[in-house]
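Asks: Encoded as structure tokens, here's the structure I'll be asking about.
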Amino acid sequence: MRSDSARKGLEKAPHRSLFKALGFIDEEMERPLIGIASSYSEIIPGHMNLDKVVQAVKDGVRMAGGVPVTFGTIGVCDGISMNHKGMSYSLPSRQLIADSVEIVASAHAFDGIVLVPNCDKVVPGMMMAAARLDIPAIVISGGPMLAGNTCGKATDLSGVFEAVGAVKAGNMTEEELSELENTACPTCGSCSGMYTANSMNCLSEVLGLALPYNGTIPAVYSERLRLAKTSGMKIVDLVKKGLTPSKILTEEAFMNAITADMALGCSTNSLLHLPAIANEVGITID
């Protein structure tokens, strides 16, 4: 196993001592070491449930005979950061996310990795890292937010943006805007709609980096946790089979993703992210 380079042999006794400081026992030294990259935070609605998703992944890894270890990375909420100076930090965060996941996974010789993102730049950033690392990898996101219900009408975040203009134009009262503001985003999860997060989560399935329904099971459904547990089990299977992203992310896979992108009406930001992911495996999309 790849992790043997950090755990096996006489010269790795100090390394094993540090693993044992983490609570590892000798039996765990013989099992696949699975990293779990999480962008859990309390500032992004799409990420506030990721701790639950991570726990389900860990359970699945254990069930399949692996040893899970979690670590965190950053994330930016495009919705909160837009329309002020904060938006200038969003796209650069994608590169930092990819770099940070690569660094942790490489420095600690993980045998495989589970990527737990959810929002706009985090999903492609983690997929870029998976492609760059080329170790067995699987994506399981936090899932989309449920639609809101405002006075019996389905609503979402885009409706709140539109309502701001309606108030300025005199077509809506501030009281009506307040009611919409309070009801349009009713749960955790990536913003409801085919924005970048949901687009890239759907495309993660098409590219072959995620299990079916990763892009569509709502964040608040228990089915999301079941998928996370299954993903944890699957990564151990991928490690045993030696199935890495370079064997999955073919030119045909990217063409399929572009086709699905157009069929679903995905975010135009996919034009930024698909070529970046492809570049990590030496494929040019022009």
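Sequential numbering from 1, following the chain as shown.
Cβ coordinates come from backbone N, Cα and C, glycine included.
The shown structure was predicted, so the numbers you read here are calculated from the model rather than taken from an experiment.
As listed in Swiss-Prot for this protein:
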BINDING   Asp78, Asp120, Lys121  Mg(2+) binding site
BINDING   Cys119, Cys191  [2Fe-2S] cluster binding site
MOD_RES   Lys121  N6-carboxylysine
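How buried are these features, and what lies next to them?
Replies: Neighbour density for Asp78 (Mg(2+) binding site): within 10 A of its CB lie 20 other CB atoms from the protein chains shown. DSSP assigns Asp78 (Mg(2+) binding site) to a helix.
For the recorded site, Cys191 ([2Fe-2S] cluster binding site), the DSSP three-state label reads coil. A C-beta separation below 8 Å, combined with a sequence spacing of at least six in one chain, links Cys191 ([2Fe-2S] cluster binding site) to Pro45, Gly46, Gly79, Pro144, Met145, Asp156, Leu157, Cys185, Ala197, Asn198.
Remark: Lys121 (Mg(2+) binding site) has Gly75, Val76, Asp78, Ser90, Leu91, Ser93, Arg94, Ile97, Thr196 as non-local neighbours, by Cβ distance under 8 Å and separation of at least 6 in sequence. Secondary structure at Lys121 (Mg(2+) binding site), taken from DSSP and collapsed to helix, strand or coil, is coil.
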Asks: Using a 10 Å radius around its CB, how many other CB atoms surround Asp120 (Mg(2+) binding site)?
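Replies: Other Cβ atoms found within 10 Å: 31.
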Asks: Which residues, same chain and not among Asp78, Asp120, Lys121, have a CB within 8 angstroms of the centroid of the CB atoms at the recorded Mg(2+) site?
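Replies: Not counting the recorded site residues, we get Val76, Cys77, Ser90, Leu91, Ser93, Arg94, Cys119, Val122, Thr196, Ala197, Asn269.
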Asks: If I restrict to non-local contacts, at least six residues apart, and a C-beta distance under 8 angstroms, what lies near Cys119 ([2Fe-2S] cluster binding site) in its own chain?
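Replies: Listed in sequence order: Ser39, Ile44, Gly46, His47, Gly75, Val76, Cys77, Asp78, Ser190, Thr196, Ala197.
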